[in-house]
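Trainee: Take a look at the following structure, please.
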């Protein structure tokens, strides 16, 4: 049997099998030794290089992302620096107690009541959706009242066109500010009461530098809110960008603006910051060289025949001004639908003939629909036009 398999005896076969097993074992040992050598080389390379070669790509990615991160950090630093400048021009004092606030708020309600009864001069009261303004001492043209838009176009009304500052403002508000050395004696000659309903706002602006001295002093009543700096407004629907600084204003607190906060950056009241009724009394001093509307310089040929009698009765309506806004009360639900504010009132001057796809849902301005209705009464051609399919109605 051993000869048939090619081996002379059994010992030769056993010897050949042993040598084959030794070869296989040697191959395995050699492979293990080679792997150990590779591992040792890798360890030596790692000791020489702090980061593995595979980290090169990651490091390159980090280097590539550094400029982007740097731009973001630079933007944040600029924003923080601007906020610091704004804060440097702000002074806040918690000055009025709860009882004092209640007394002043009752007086503000009296002002609102007198205005509803028509007891003030025409230019004393200015109404807008969810916000009414009451000018005392000095009033000025602004926003949609201007023939030309833009900073520097504001003008003071002629003397006597707005009512005098009420005695209670002097006694309950101004005198206390003087006693605490917030303002000097005799500083204030202009007082404005802004009365906001929930959702009301005032767009970003700078108090006219050519009209008012600094500082600008305001006192808050009825509820807490916030004064925001550096916001941008967009409309239809209204949207407001993030502010550079949002300053909490508490009921009974006094806010004094000067320097950068008053002159170099806009401030506003956002709709989302008026959750309850809020009123603010703004106290300022007009500049001696502030421009003023001069009704006397207008040619008599441009004035209506009744101008002289109106002037004597105190009912002045300067033809240089645009018609006043509606004196209707704002709808309480107006805060929950798109509103047309002062900066986009130009839409109201377009054609009263609306196409079908622009029905009432596209506009919420009370004046727009009322003017459209009245125009249809004045213009029979428009009323009978086949293109006019929208039925106008008062609301």
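Just so you know, glycine gets a Cβ as well, placed from its N, Cα and C.
Below are the features listed in Swiss-Prot for this protein:
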REGION    1-28  region 'Disordered'
REGION    47-83  region 'Disordered'
COILED    68-117  coiled coil
ACT_SITE  140  active site
BINDING   194, 196, 205, 267, 278  2-oxoglutarate binding site
DISULFID  231-268  disulfide bond
REGION    294-395  region 'Disordered'
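Neighbours and distances for these, please.
Mentor: Look at residue 140 (active site): DSSP puts it in a strand. Its Cβ placed at the centre, residue 140 (active site) has 22 other Cβ atoms within 10 Å.
In the three-state DSSP scheme, residue 194 (2-oxoglutarate binding site) is classed as strand.
Under 8 Å, Cβ to Cβ, and six or more positions away along its own chain, residue 268 (disulfide bond) finds 201, 202, 203, 204, 205, 227, 228, 229, 231, 233, 240. Classification of residue 268 (disulfide bond) by DSSP places it within a strand.
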Trainee: Just name the winner among 194, 205, 278 (the binding-site residues) by count of other CB atoms within 10 A of its CB.
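Mentor: Of 194, 205, 278, the one with the most crowded Cβ is 278.
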Trainee: In sequence order, what residues of the same chain, 6+ apart, have a Cβ less than 8 Å from the Cβ of residue 267 (2-oxoglutarate binding site)?
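Mentor: Correct list: 204, 205, 206, 227, 228, 229, 257, 261.
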Trainee: Taking the Cβ of residue 231 (disulfide bond) as the centre, how many other Cβ atoms fall within a 10 Å radius?
Mentor: 20
Trainee: Using a Cβ-Cβ cut-off under 8 angstroms and a sequence gap of six or more, which residues of the chain neighbour residue 196 (2-oxoglutarate binding site)?
Mentor: 130, 131, 225, 269, 274, 277, 278, 279, 280
